[in-house]
Amino acid sequence: VAGGAIKLQLLNDAWTELKGEIAGPSETPYEGGTFELEIKVPETYPFNPPKIRFITKIWHPNVSSVTGAICLDILKDQWAAALTLRTVLLSIQALLSAAEPNDPQDAVVAKQYKENPDMFIRTALHWTNVYAGGPIAVSEFDTKIQRLLDMGVEEHQARVALSSYDWELERATEQLFS
(Lines of atoms letter the chains of each structure in order from A and count residues from 1; the text may use other names and numbers.)
(Lines give C-alpha, C1' and ligand atoms only; values in the text may rest on other atoms or scores of the structure.)
Protein backbone atom coordinates (compact mmCIF):
# COMPACT_ATOMS: atom_id res chain seq x y z
CA VAL A 1 0.00 0.00 0.00
CA ALA A 2 1.46 3.37 -0.96
CA GLY A 3 2.02 5.32 2.22
CA GLY A 4 0.85 2.27 4.16
CA ALA A 5 -2.30 1.75 6.16
CA ILE A 6 -3.09 3.55 9.40
CA LYS A 7 -5.88 2.48 11.77
CA LEU A 8 -7.33 3.93 14.95
CA GLN A 9 -9.53 1.92 17.27
CA LEU A 10 -11.39 3.29 20.27
CA LEU A 11 -10.94 1.21 23.44
CA ASN A 12 -13.41 3.08 25.66
CA ASP A 13 -16.32 5.53 25.41
CA ALA A 14 -14.37 8.37 26.98
CA TRP A 15 -11.94 8.70 24.07
CA THR A 16 -9.04 8.46 26.52
CA GLU A 17 -7.63 5.16 25.28
CA LEU A 18 -7.14 4.07 21.71
CA LYS A 19 -5.15 1.50 19.83
CA GLY A 20 -3.28 2.69 16.77
CA GLU A 21 -1.91 0.54 13.99
CA ILE A 22 0.63 1.53 11.36
CA ALA A 23 2.04 -0.40 8.45
CA GLY A 24 5.82 -0.48 8.16
CA PRO A 25 6.81 1.91 5.34
CA SER A 26 8.05 0.43 2.06
CA GLU A 27 11.79 0.35 1.39
CA THR A 28 12.53 0.16 5.13
CA PRO A 29 13.34 -2.91 7.25
CA TYR A 30 9.83 -2.50 8.71
CA GLU A 31 8.09 -3.10 5.36
CA GLY A 32 5.41 -5.78 5.55
CA GLY A 33 5.13 -5.43 9.32
CA THR A 34 2.11 -4.19 11.27
CA PHE A 35 2.89 -2.19 14.40
CA GLU A 36 0.43 -1.59 17.22
CA LEU A 37 0.57 1.51 19.37
CA GLU A 38 -1.00 2.36 22.70
CA ILE A 39 -2.53 5.84 22.69
CA LYS A 40 -3.56 7.53 25.92
CA VAL A 41 -5.34 10.85 25.46
CA PRO A 42 -5.10 13.25 28.42
CA GLU A 43 -8.09 15.20 29.76
CA THR A 44 -6.27 18.35 28.57
CA TYR A 45 -6.14 17.19 24.92
CA PRO A 46 -5.84 18.87 22.40
CA PHE A 47 -3.80 21.37 24.42
CA ASN A 48 -1.42 18.60 25.53
CA PRO A 49 -0.12 15.73 23.40
CA PRO A 50 -1.37 12.16 23.67
CA LYS A 51 0.96 9.63 25.28
CA ILE A 52 1.87 7.09 22.62
CA ARG A 53 4.11 4.05 22.75
CA PHE A 54 4.75 1.00 20.58
CA ILE A 55 3.07 -2.16 21.86
CA THR A 56 4.73 -4.15 19.06
CA LYS A 57 8.45 -4.53 19.79
CA ILE A 58 10.61 -2.72 17.25
CA TRP A 59 14.34 -2.16 16.66
CA HIS A 60 14.65 1.56 15.91
CA PRO A 61 16.92 4.34 17.28
CA ASN A 62 13.98 6.53 18.32
CA VAL A 63 11.94 3.84 20.05
CA SER A 64 12.89 2.08 23.27
CA SER A 65 13.44 -1.62 22.57
CA VAL A 66 12.33 -2.20 26.18
CA THR A 67 9.28 0.03 26.80
CA GLY A 68 8.22 1.11 23.30
CA ALA A 69 8.58 4.77 24.30
CA ILE A 70 8.96 7.09 21.29
CA CYS A 71 11.29 10.07 20.93
CA LEU A 72 9.47 12.47 18.60
CA ASP A 73 9.37 16.25 18.93
CA ILE A 74 5.62 16.61 18.27
CA LEU A 75 4.89 14.28 21.20
CA LYS A 76 6.86 16.65 23.42
CA ASP A 77 7.75 20.33 23.00
CA GLN A 78 6.62 20.67 19.37
CA TRP A 79 3.04 19.60 20.04
CA ALA A 80 0.35 21.82 18.50
CA ALA A 81 -3.36 21.67 19.29
CA ALA A 82 -4.12 21.54 15.55
CA LEU A 83 -2.45 18.13 15.21
CA THR A 84 -4.83 15.21 14.88
CA LEU A 85 -4.17 11.65 16.06
CA ARG A 86 -4.03 10.62 12.41
CA THR A 87 -1.31 13.22 11.73
CA VAL A 88 0.62 11.98 14.76
CA LEU A 89 0.44 8.37 13.52
CA LEU A 90 1.61 9.50 10.07
CA SER A 91 4.55 11.27 11.74
CA ILE A 92 5.45 8.12 13.67
CA GLN A 93 5.23 6.16 10.43
CA ALA A 94 7.53 8.73 8.77
CA LEU A 95 9.97 8.35 11.67
CA LEU A 96 10.30 4.66 10.73
CA SER A 97 11.53 5.80 7.29
CA ALA A 98 13.85 8.52 8.60
CA ALA A 99 15.42 7.75 11.96
CA GLU A 100 17.06 10.52 13.99
CA PRO A 101 20.03 8.67 15.53
CA ASN A 102 21.42 11.87 17.07
CA ASP A 103 18.30 12.26 19.22
CA PRO A 104 17.82 8.63 20.21
CA GLN A 105 15.40 6.97 22.59
CA ASP A 106 17.53 3.81 22.54
CA ALA A 107 21.28 4.51 22.64
CA VAL A 108 22.27 0.92 21.84
CA VAL A 109 20.16 0.85 18.67
CA ALA A 110 21.36 4.33 17.64
CA LYS A 111 25.01 3.29 18.02
CA GLN A 112 24.46 0.24 15.82
CA TYR A 113 22.51 2.35 13.29
CA LYS A 114 25.43 4.76 12.95
CA GLU A 115 28.40 2.38 13.26
CA ASN A 116 27.13 -0.82 11.67
CA PRO A 117 24.22 0.05 9.34
CA ASP A 118 24.14 -3.36 7.66
CA MET A 119 23.83 -5.10 11.03
CA PHE A 120 21.14 -2.59 12.04
CA ILE A 121 19.06 -3.35 8.93
CA ARG A 122 19.30 -7.11 9.43
CA THR A 123 18.40 -6.78 13.11
CA ALA A 124 15.42 -4.52 12.32
CA LEU A 125 14.28 -7.00 9.64
CA HIS A 126 14.51 -9.83 12.17
CA TRP A 127 12.50 -7.94 14.82
CA THR A 128 9.90 -6.97 12.20
CA ASN A 129 9.60 -10.63 11.17
CA VAL A 130 9.28 -11.95 14.73
CA TYR A 131 7.10 -9.28 16.32
CA ALA A 132 5.23 -7.52 13.49
CA GLY A 133 4.62 -10.33 11.01
CA GLY A 134 7.20 -9.04 8.53
CA PRO A 135 8.06 -11.27 5.57
CA ILE A 136 11.84 -11.62 5.95
CA ALA A 137 13.28 -14.11 8.42
CA VAL A 138 16.99 -14.03 9.26
CA SER A 139 17.67 -17.72 9.84
CA GLU A 140 21.22 -17.33 11.20
CA PHE A 141 19.80 -15.07 13.93
CA ASP A 142 17.11 -17.64 14.76
CA THR A 143 19.85 -20.27 15.16
CA LYS A 144 21.79 -18.09 17.63
CA ILE A 145 18.64 -17.40 19.63
CA GLN A 146 17.98 -21.13 19.79
CA ARG A 147 21.47 -21.64 21.27
CA LEU A 148 20.59 -19.24 24.10
CA LEU A 149 17.15 -20.81 24.58
CA ASP A 150 18.92 -24.15 25.02
CA MET A 151 20.92 -22.52 27.84
CA GLY A 152 17.67 -21.52 29.54
CA VAL A 153 17.54 -17.88 28.50
CA GLU A 154 14.07 -16.38 27.87
CA GLU A 155 13.49 -15.71 24.15
CA HIS A 156 13.03 -11.93 24.16
CA GLN A 157 15.94 -11.50 26.57
CA ALA A 158 18.11 -13.58 24.24
CA ARG A 159 17.04 -11.48 21.24
CA VAL A 160 17.81 -8.18 23.03
CA ALA A 161 21.24 -9.39 24.18
CA LEU A 162 22.22 -10.67 20.72
CA SER A 163 20.84 -7.57 18.98
CA SER A 164 22.76 -5.32 21.37
CA TYR A 165 26.06 -7.11 20.73
CA ASP A 166 25.80 -7.32 16.94
CA TRP A 167 24.76 -10.98 17.12
CA GLU A 168 28.09 -12.09 18.63
CA LEU A 169 27.03 -15.13 20.63
CA GLU A 170 29.99 -15.10 23.01
CA ARG A 171 29.57 -11.44 24.00
CA ALA A 172 25.80 -11.81 24.38
CA THR A 173 26.25 -14.95 26.51
CA GLU A 174 28.83 -13.20 28.70
CA GLN A 175 26.47 -10.29 29.25
CA LEU A 176 23.52 -12.56 30.08
CA PHE A 177 25.41 -14.72 32.54
CA SER A 178 27.66 -12.10 34.15
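Placement of Cβ uses the backbone N, Cα and C atoms for every residue, glycine included.
No curator has checked TrEMBL annotations; they are predicted automatically.
Lifted from TrEMBL, the feature list:
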DOMAIN    1-133  domain 'UBC core'
ACT_SITE  C71  active site, glycyl thioester intermediate
DOMAIN    140-178  domain 'UBA'
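As a summary of secondary structure, the domain 'UBA' (140-178) carries 30 helix, 0 strand, 9 coil according to DSSP. The average pLDDT for the domain 'UBC core' (1-133) in the predicted structure is 95.
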